[in-house]
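Feature annotations, reproduced from TrEMBL:
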TRANSMEM  16-36  transmembrane segment
DOMAIN    17-149  domain 'EamA'
TRANSMEM  48-65  transmembrane segment
TRANSMEM  77-99  transmembrane segment
TRANSMEM  105-126  transmembrane segment
TRANSMEM  133-153  transmembrane segment
TRANSMEM  159-178  transmembrane segment
DOMAIN    159-286  domain 'EamA'
TRANSMEM  190-209  transmembrane segment
TRANSMEM  215-233  transmembrane segment
TRANSMEM  245-264  transmembrane segment
TRANSMEM  270-289  transmembrane segment
Amino acid sequence: MTTVNLPKNEVRNTRTFGFTLAIAGAVLMSIDPIFIRYAGVSGFDTAFLFGLFSAISMPILLKFNDKRGIRKAVVQSGWPLLAAGVLMLGSASGLVFSIKMTSIANTFVILSAAPAVAAIFSWLILKEATSRSTLIAIVAVMIGITIVVSGSFSSGNWVGDALAVFAVICLSMMFTLLRKYQDVSRLASVGLGGLLLAMVMFFFATPSSYSVETWLIMGMMGLFTAPVGRVLSMVATRHITAPEVSMTLMLETVLAPVWAFIFFTEIPPMTSIVGGALILITIFVYTLVTMQDNTK
């Protein structure tokens, strides 16, 4: 059996392409809160539209990205697909309402803790061994979240922060579920979550009152930036490692508050900056350690 080694230039080019995809995905996903704020409708209406367009776009992307096809991918995913869809429903609704009720910086800083929270569930549910670096990262991230949330009690935004925590718990549980059942289609999970979100929020939404502008804004997000950003991050894992993708996607947490300042003159409180810095540095160092361990 012969082994084919890629030339160094080709390896370098494919890694550069992978990082480019991950960066583009992070930039697109960081714009989501701008669309949510500019939609000009209630949280229930925004969540309904977000779910509706996700349910439309994901099956299309699934058809072109999964060789099994839509029907076979859904059947082979089995009951874990339904569980992942329900968790996606919780994560997406928490995200939308959090952006409506607290600062964009707080929402994205708390969401950036997902890798550490997922490690907790992997230990509790999958009984995976937890390294010392993971334990240190979990403690540091929990301290960071506490600092971020503490600043919202005086401003009255604590409900929005709590919803972001709920979103990150649901998201992390979904990561853990998909880690255990790796045959479950990621795109189908997001699509089913979007469908469930649209169905639930329909009872609280008023679609007949939406302006053309609202439909266009949420359509741009649900059909373009949100799905394309997520697909780019998935495709990037074919060219660079998962920890490298995770580290690159941290750019989303940095860019979202920047867009919030540019579009809404929203300045995050000092507690968000301090807690956010602690979380970002922790996840960054933890990702580097993971990458080094994977190369051994």
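Backbone N, Cα and C define each Cβ position, glycine as well.
Away from its own ends, the transmembrane segment (190-209) comes close to residues 41-42, 44-45, 47-55, 57-59, 62, 81-82, 84-89, 91-93, 222, 227, 230 of its chain (Cβ-Cβ under 8 Å, at least six residues beyond either end). Residue counts for the domain 'EamA' (159-286) under DSSP (helix as H, G, I; strand as E, B; rest coil) come to 106 helix, 0 strand, 22 coil. In the predicted structure, the domain 'EamA' (17-149) carries a mean pLDDT of 87. In terms of DSSP secondary structure, the domain 'EamA' (17-149) contains 114 helix, 0 strand, 19 coil.
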